[in-house]
Amino acid sequence: MNSSTFVDQDGRPVTAVTAEEMRAIDRVAVEKIGLDLPRMMEHAGRGLADAVLRDGLTGQSDLPVTVLAGNGGNGGGGLACARHLANRSLPVEVVLDRARTEVDGVTAEQLRILEAMEVPIKSVDSGADLDIDTALEGVVVDALIGYGLTGAPRGAAAELIEAANDKPGTVVSLDVPSGVNATTGEASGAAIAPDLTATLALPKTGLAAVGGDLLLFDLSIPPAVYDRLDIDGGRPFGDKFEIPVSRA
Ligand SMILES: NC(=O)C1=CN([C@@H]2O[C@H](COP(=O)(O)OP(=O)(O)OC[C@H]3O[C@@H](n4cnc5c(N)ncnc54)[C@H](O)[C@@H]3O)[C@@H](O)[C@H]2O)[C@H](O)CC1
Ligand SMILES: [K+]
């Protein structure tokens, strides 16, 4: 995998990064620049909402958009997206892959905002109030797992991935389809087959092996971060905040 795996609309190469490189980019952004996770997550959530709203995806029916969320940075971006959609009067509901009490950190902060907004939040763990099949009939936003995947998806995350794939509706994944290894593109178990992936900062190398459309969203990471790591990040966004990207 190299920088010519992806190109922008004008055929210019867009650098791809592995999960390890992206983790290093995040670390330098936080530790050396002070660009903290909540700030980046807000960009992720807004970009994802924008991806869901484009192409009139949500105009297809009155069914709620279901945001599937895990407990990491990916889930937190999905929850921020849910806020933006709800603010546009779209019916939105959140399905967590764990009990509410098991969500922590910045992701729990995002969840508390949604609770205050009275956005419906269900949890696979709460059993009785969730029928997975009927919950996934509208557009599905996949924010269960991103580049933090370890091994094949387990438990409720695996169940939700399979249920989402069984539905005919549109699935939009945040950063990487859940269950797909961000570096290799391999899926060693259940993996989302997305219609669209909204990936962040730079495409992940593994996305070369994934189907569906690709949009790249800016997280506002300064070029100095890439310079410090000797990664040729380029300036893929030009004067935009998001660009379509294709597999070369
Ligand atoms: N600067 C950035 O790139 C930003 C990225 N964002 C998003 O954050 C994720 C990476 O976040 P991280 O917390 O490191 O990990 P994930 O959310 O991808 O995954 C952790 C999550 O997944 C669960 N999990 C992991 N493996 C499994 C498994 N085999 N089965 C079941 N569940 C699994 C784990 O329990 C956690 O719940 C990146 O992809 C971006 O989407 C930020 O939003 C903004 C900054
Ligand atoms: K995901």
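Just so you know, glycine gets a Cβ as well, placed from its N, Cα and C.
From a predicted model like this one, the values you see are computed outputs, not experimental measurements.
The number of other Cβ atoms within 10 Å of the Cβ belonging to G73 ((6S)-NADPHX binding site), over all protein chains shown, comes to 24. Look at TrEMBL and you will find G73, N74, G75, G76, G77, G146, Y147, G148, L149, T150, G151, A152, D175 tagged as (6S)-NADPHX binding site.
TrEMBL lists N74, D142, S178 with the feature K(+) binding site. Listed in sequence order, A143, L144, I145, G146, Y147, G148, L174, D175, V176, S178 are the same-chain residues at least 6 apart in sequence whose CB falls under 8 Å from the CB of N74 (K(+) binding site).
The domain 'YjeF N-terminal' annotation in TrEMBL covers 22-227.
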Of G75, G77, G151 (the binding-site residues), the residue whose Cβ has the fewest other Cβ atoms within 10 Å: G151
Those binding-site residues of G73, G75, L149, G151 having Cα within 10 angstroms of D142 (K(+) binding site): G75
Binding-site residues whose CB lies under 6 angstroms from ligand 2, from G75, G77, Y147, L149, G151: none
Pairwise C-alpha maximum, in angstrom, for the residues (G73, N74, G75, G76, G77, G146, Y147, G148, L149, T150, G151, A152, D175) that bind (6S)-NADPHX according to the record: 22
Stretch-averaged pLDDT - the domain 'YjeF N-terminal' (22-227): 93
Residue with minimal Cβ packing [other Cβ atoms within 10 Å] among the binding-site residues D142, D175: D175
